[in-house]
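> Please read through the structure below; I'll follow up with questions.
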Amino acid sequence: MAHIRGYGTHQLNYATVRDHCLKTGSLFVDPGFPPEERSLYLNGQRDRQFGRVVWKRPREICSRPRFVVGNIDRHDLDQGYIGDCWFVAAAATLCTSHRNIFERVVPLDQTFDTEYTGVFRFNFWWYGDWKEVIVDDYLPTDGTKLIFCRNRESKDEFWSALLEKAYAKLRGGYSGLVGGKIQDGLVDFTGGISEVIDLSNKDKIPRKFFYLLYKSISMNSMVGASIHKHPNEKDPEIELTNGLYAGHAYSITAIKKVPLGRYSVSLIRLRNPWGKNEWTGRWSDRSEEIETLPPAVRNELRFKRANDGEFWMCYEDLINIFDEIQMCHLQPDALTKEIADDEGTTSWNVTIYHDAWKKGISAGGCGNPPNENLYWKNPQFFITLTDTDEKNPNAECTLIVSLTEKEYNNQSDICIGFAVYKLISPDMKPLDGERASRNSMRLTERSGQYEYNREVTRRFELTPGVYVIIPSTFHPHAEAKFLLRLFTEKRAESGVLDIDNPRPVSPNRPPVPHVITPTCDLITELFLQYSGKDKRLDYKEVRSFILAASSEEMGEEIKFSKEACRSLVACMARNRSGLLDINETRKMWREITVYKSLFKHFDNNNTGTVDGTELQNMFTKLGLQVDKILIQCILRRYGGRGSTLSLDAFIIVIFKLILMFELFQEHREKTKRGGLEDVAQFTRSEFLQYTMFG
């Protein structure tokens with residue numbers, strides 16, 4: 001076994017592992033995805049459908065294994081005993097596209113002969129980046145033959161089985177491949193953008209849909225199709241009387257117009273990833289319609305009568321029987337809704353943002369009552385469209401918005417969508433809903449109904465101006481990470497709208513609301529009671545002081561932990577003595593009183609806690625410029641499972657935050673680098689002192 005120091009699931013590259021194995025004369029065994037039962041299942045949950053699994057290398061399965069036999073072909077893949085028809089259909093579709101697209105995913109310079117080390121590599125586009133995934137060549141078998149994806153005809157070919165293993169590793173286990181969507185696999189193979197065409201409402205299918213489908217395929221879009229099964233059906237796939245299966249993914253591999261006397265017929269070629277079980281209706285392998293075609297036309301169709309899973313059907317049957325067409329476009333200008341008007345654009349400007357919906361911070365939902373105000377807490381992104389498209393007769397700018405949920409544990413179980421607003425006012429602060437009533441913005445476009453799809457994509461033709469895109473989940477408080485991609489023909493400025501009312505940081509402590517401050521006599525009395533002979537309070541004495549002062553002044557005790565009291569002393573004792581004198585103690589207590597009053601004011605439901613939204617409003621009241629990322633950090637560090645802060649935690653956060661603002665301001669004044677407002681310079685020693693002591 002090749003043991004490589006520092007190895008993680010994706011940390012090492014193929015060359016490093018291969019060279020190490022060649023040097024040591026060993027065969028690679030992947031510690032991140034070992035030939036063990038845990039690589040089969042997500043979260044350690046066993047799936048009975050796998051049965052008994054024996055892991056074997058290809059050399060143990062056949063005498064002379066090969067990575068590729070002959071030419072790459074869609075028939076190289078047949079589905080095994082796992083419900084990943086969507087993956088097999090996507091990979092089969094990949095085989096029908098340009099060779100260089102396939103070779104980017106499946107490098108063909110891999111072999112079982114020269115310099116064989118048991119390691120293989122594949123590349124996937126994973127939420128914005130191309131990721132190399134390396135695996136060993138141990139594959140699941142029943143003891144004699146492969147049980148998952150394989151080439152049923154050429155049993156000595158293994159590229160498809162190894163590709164499936166690498167994709168399973170990326171998704172956390174083989175069971176992570178069960179029940180996906182073909183368009184998601186195509187996106188992961190290409191980095192393209194997906195589009196789903198709903199055919200379930202036959203009355204709303206565009207009249208020119210065949211032409212749009214034809215042009216999409218001719219522009220290298222990859223296409224699949226599926227039939228919905230009844231929601232009450234428990235079986236994942238249901239056989240129909242026409243030979244097709246509901247709940248199953250098919251890949252569309254060709255589209256042709258065939259002359260038929262004085263007319264022509266539009267034909268679609270599909271493939272079942274099982275490599276068998278075909279359509280039995282019109283234009284199927286043994287149909288009367290196929291028999292009537294002249295041999296020359298059949299040769300042009302490359303027709304072959306075999307139970308290989310591939311078949312032809314006419315366009316009318318396709319749209320009448322199938323409920324959904326899934327597409328992956330390698331170029332945004334291949335989107336079907338606009339393809340007839342825009343075939344020439346090939347160069348696009350793409351901007352990518354990674355963000356998240358966080359409960360209590362930015363998971364605002366769709367804005368349905370009674371959560372209208374929460375909607376404006378969703379992440380917001382602006383884009384300034386200035387130059388119109390060259391071929392647009394209406395002087396408009398093309399904007400394509402692609403929103404992708406980053407799956408957690410390989411599950412996508414939330415509805416997502418987005419809205420596009422045009423700003424009439426040039427004010428660039430985040431939208432809060434109130435400015436809408438003053439006509440500073442207007443809703444321009446939506447992505448449509450919220451969808452459970454991993455990716456939602458729409459194209460818009462917009463007049464020049466400043467627009468804000470607000471992605472959201474349907475339900476508030478639903479947490480997920482997401483990827484937002486913006487495509488424009490002309491270069492456009494864009495960014496994140498995060499901090500409300502941005503302004504330079506004030507060197508003074510922030511303004512606070514007026515409250516009644518305690519009498520000096522009481523504070524002096526309590527200070528003298530709890531301080532030591534040196535007339536100072538350490539963290540233990542501060543804890544006792546706060547308990548007594550809060551009981552006397554507020555009628556309730558504020559209980560800080562010992563560690564929290566250490567933090568209070570560190571924030572107030574600027575000489576780093578670890579002790580507070582009488583003036584520092586008075587100042588500390590005065591601010592504790594103020595922050596408690598503020599906390600009570602914003603704790604509207606009297607729960608004794610505040611969430612991220614309330615926290616943002618409190619920071620604004622205090623004049624603190626804080627973005628959502630920092631709020632998230634605060635809630636994760638000082639909050640509980642519910643992402644809320646208690647009173648004592650809030651007070652500690654404010655003390656620390658104000659101290660860090662003051663330290664930043666001091667060093668910003670010293671830096672003055674290029675006139676940048678948000679830059680401060682610290683030496684390593686200063687940085688370590690502040691972080692360790694504070």
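Glycine too: its Cβ is placed from the backbone N, Cα and C atoms.
Straight out of TrEMBL:
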- CYS85: active site (ACT_SITE)
- HIS248: active site (ACT_SITE)
- ASN272: active site (ACT_SITE)
- 27-331: domain 'Calpain catalytic' (DOMAIN)
- 590-625: domain 'EF-hand' (DOMAIN)
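Walk me through the surroundings of each of these features.
Within 10 Å of the C-beta atom of CYS85 (active site) sit 27 other C-beta atoms, taking all shown protein chains into account.
Cβ contacts within 10 Å of HIS248 (active site), excluding its own Cβ and spanning all protein chains shown: 24.
Just so you know, the Cβ of ASN272 (active site) picks up 27 other Cβ atoms within 10 Å once every protein chain is counted.
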> DSSP helix, strand and coil counts for the domain 'EF-hand' (590-625)?
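Once the DSSP states are binned, the domain 'EF-hand' (590-625) shows 23 helix, 2 strand, 11 coil.
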> Where does the mean pLDDT land for the domain 'Calpain catalytic' (27-331)?
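87, rounded to a whole number.
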